[in-house]
Amino acid sequence: MEDFVRQCFNPMIVELAEKAMKEYGEDLKIETNKFAAICTHLEVCFMYSDFHFINEQGESIVVELDDPNALLKHRFEIIEGRDRTMAWTVVNSICNTTGAEKPKFLPDLYDYKENRFIEIGVTRREVHIYYLEKANKIKSENTHIHIFSFTGEEMATKADYTLDEESRARIKTRLFTIRQEMANRGLWDSFVSPKEAKKQLKKDLKSQELCAGLPTKVSRRTSPALRILEPMWMDSNRTAALRASFLKCPKK
């Protein structure tokens, strides 16, 4: 599974997932399913944010080409992928600037158009079950929940799916592709079932060539969302109100 993840996902997503697991004291060599799940969740969050802006009229628009002269504001603030300290700094800054209620748990995104935090979920189970689990944990009407599955299903708070159909279809297609790639290599069952995961781990320890023939079909292009986060948590210059909350990192 580890080899699959490293070949299937953008290197920067893999690096962020490694840092996240290290921060929580988890071993990606052992918890390979969690490694894959974190990478998948990160990618969905970035895809959710990519290309979405707010123009001068306050309207949400989709722009796929970078135009440095365009007076556009990123619609979504990315919180997922940052270390906990910086993530809470961003959340606090958003709350102070917008008057939004501070969430009890770290959300994944903030939507400047709808003025709400968003919790993104990616599940291997039934979407409604995972949605209820998220809702019971968060217990806040101010955090919008949007759940995606690997089968193309989705569920969102009050059936408000936030994004346009094409943007959501892009996410669903990517998730379905990941599932198919896992299934082709005998990894899907272990990804879904803990019992199968233990069996798969034993196989992985015996053979490190499980994904040797994996074709690298995924684009290595760094998404706009990922560029904002590189090389670390640099000032993205997205809004003047949040600018002071981001730490400057020395150039490498």
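Glycine is treated like the rest: Cβ placed from N, Cα and C.
Taken from Swiss-Prot, the feature active site covers Glu80 (among others), and the record attributes it to similarity to another entry. In three-state terms derived from DSSP, Glu80 (active site) belongs to neither a helical nor a strand segment and is classed as coil. For Glu80 (active site), the number of other Cβ atoms no farther than 10 Å from its own Cβ, over all displayed protein chains, is 24.
For Asp108 (among others), the entry in Swiss-Prot reads active site, with the evidence type similarity to another entry. All protein chains considered, the CB of Asp108 (active site) has 23 other CB atoms within 10 Å.
Leu28 (site 'Important for efficient shutoff activity') has a Cβ environment of 20 other Cβ atoms inside 10 Å. Here Swiss-Prot flags Leu28 (among others) as site 'Important for efficient shutoff activity', drawing on similarity to another entry.
Residues or ranges marked as site 'Important for efficient shutoff activity' in Swiss-Prot (evidence: similarity to another entry): Leu65 (among others).
Annotation source Swiss-Prot lists site 'Important for efficient shutoff activity and nuclear localization' at Lys195 (among others), citing similarity to another entry.
Sequence annotations record features per position, and here Swiss-Prot assigns site 'Important for efficient shutoff activity and nuclear localization' to Lys198 (among others).
As annotated by Swiss-Prot, site 'Important for efficient shutoff activity and nuclear localization' applies to Lys199 (among others), with the evidence given as similarity to another entry.
The feature site 'Important for efficient shutoff activity' is assigned by Swiss-Prot to Lys202 (among others).
Sequence annotations record features per position, and here Swiss-Prot assigns site 'Important for efficient shutoff activity' to Lys203 (among others).
The annotation site 'Important for efficient shutoff activity' is assigned in Swiss-Prot to Lys206 (among others).
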Taking the Cα atoms as reference points, how far is Leu28 (site 'Important for efficient shutoff activity') from Asp108 (active site) in Å? 22
Whole-number Å only: compute the distance from the Cα of Glu80 (active site) to the Cα of Asp108 (active site). 5
Reduced DSSP state (H/G/I helix, E/B strand, rest coil) at Asp108 (active site) is coil
